[in-house]
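Worksheet: one structure, shown below.
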Amino acid sequence: MARKIKIFDTTLRDGEQTPGVSLTVEEKIEIAKQLARLNVDVIEAGFPISSPGEFEAVKRIAREVRGPTIAALARAVKKDIDAAGEALKDAESKRIHTFIATSLIHMKYKLRKTPEEVKKMAVEAVEYATKYTDDIEFSAEDATRSDWNFLVEVYEAVIDAGATTINVPDTVGYTTPEEFYELIRYLKRNITNLNGVTISVHCHNDLGLAVANSLSAVRAGADQVEVTVNGIGERAGNAALEEVVVALDVRKDFYNVETGINLGEIARTSKLVARLTGIEVPPNKAVVGANAFAHESGIHQDGVLKERTTYEIIDPRKLGFSGSKIVLGKHSGRHAFRKKLEEMGYRLSEEEINRLFAKFKEIADRKKGLTELDIEAIVQEELGKGKGKYSVEVLHVISGKISTATVRVQGDGIDKIESAWSSNGPIDALFAAINRALGIDCKLKEYRVSSVTSGRDALGEVLVRVEYNGEIYVGRGLSTDIIEASAQAYLSALNRIRR
């Protein structure tokens, strides 16, 4: 039978300590209600003594949010514990979380107290907290830089005083998975009164190991993991909730544990926290980043389209996302391109697909990530222009008071003729050079440029109307380069002329 791992979410307390983040009371309540839908076991709602606003937020969450246990943080000081107890009084299920540092560096320089004085303060704090609740968590701040024997002493003393959860924080993100595993095992072997007491871990990400350390602790026997949504928090952040719970779910065969988290709410929770905190999720962020289930490599796309599990270890729909994302770019293959065209409703011949794929590859080399609008524009432009009698290559265009364009034209009996022309503007020079190469006298009646897609590397569409022998001919061109699009449009119009 799988062992239950409690998920203690501290997004509203440690997460809000992210530099630049400040949530209103209403925003905290909104996040707390979403965390309840996610089905976390404990919500650490805040640090009530720190400000009137923080006290009010904890009080409102305690009153309005049902399901999870609501926790409030307090130093090992009576006034902090009183504030926490008062803020939590309306909670359906409440916990006071008190802490004091136990490492030599903290005791000497921050607290200026001896180990015995620190242990006494810890015990008195836990005893005092029992007047408000019988669910008390004690944290030995900076545990991973503390003497292991002293940790055992302190934890045994606070358990005797009434602590029901002992937390082992890696406060400065100092430990490694192997060392943390050994520490948790050591505590489990040496704390003599641990029966029925929850061992919790709280990992910071200063060395990028918060999730790995948390998972290592679970394997060593920890019962509770403290996390934040999107991994936000002090400095480099905390262990990310979504990464920890998804790892435990995907590797249930290895860890043999379950969290009870409603995985279908992961995406919604991540987006809500990102929006309200203003901390964007990096695109390459595990589990919830925009690229977490995106595939651009042709080999990967081909595999995913044939069988999703070839390159995905979890179905994104299980986490509340719409599905995998095939990103069309310069690494994409013909299979993914064909699939995208079919999804867009196009049923094309092999010859048409080959033409479109060649154009797609040409544009993809210059544009990062083609959108559906880009693909639509390529289809309309390529299939609308026909094969054409002539093709043009723009060799170079020099702009200035006098602009010069040099082109190479071939086709319909013309073998790569180069032509140059100077004029008042680059487009005039370009069209005149093409006319000269083809020996044709056309008059430009209309020239129009529009952006087909968005972004700095957007596709631009050029429309031209030219007059030849009293008839009007229309041409269109599409490219990330307006000069090139203009040349394509002009040739498109000339290819319609019957001579």
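Note: Cβ is positioned from N, Cα and C throughout, glycine not excepted.
Here the structure is a predicted model, which means the values were calculated and not measured.
The Mn(2+) site recorded in Swiss-Prot comprises Asp14, His202, His204 together with one of Asn39, Asn230, Asn238, namely Asn238. DSSP assigns Asp14 (Mn(2+) binding site) to coil in the three-state reduction, outside any helix or strand.
According to DSSP, the secondary structure content of the region 'Regulatory domain' (391-499) in residues is 26 helix, 54 strand, 29 coil. Taking the centroid of the Cβ atoms of Asp14, His202, His204, Asn238 as the Mn(2+) site, the other same-chain residues with Cβ within 8 Å of it are Thr10, Pro169, Asp170, Thr171, Cys203, Asn205, Ala210, Glu226, Val227, Thr228, Gly233, Glu234, Gly237, Ala239. Of all the binding-site residues given, namely His202, His204, the one with the smallest number of surrounding CB atoms inside 10 A is His204.
Sequence-distant contacts (6 or more apart, same chain, Cβ under 8 Å) of Asn238 (Mn(2+) binding site) comprise Thr10, Asp14, Gly15, His202, Cys203, His204, Asn205, Ala210, Glu226, Val227, Thr228, Gly231, Ile232.
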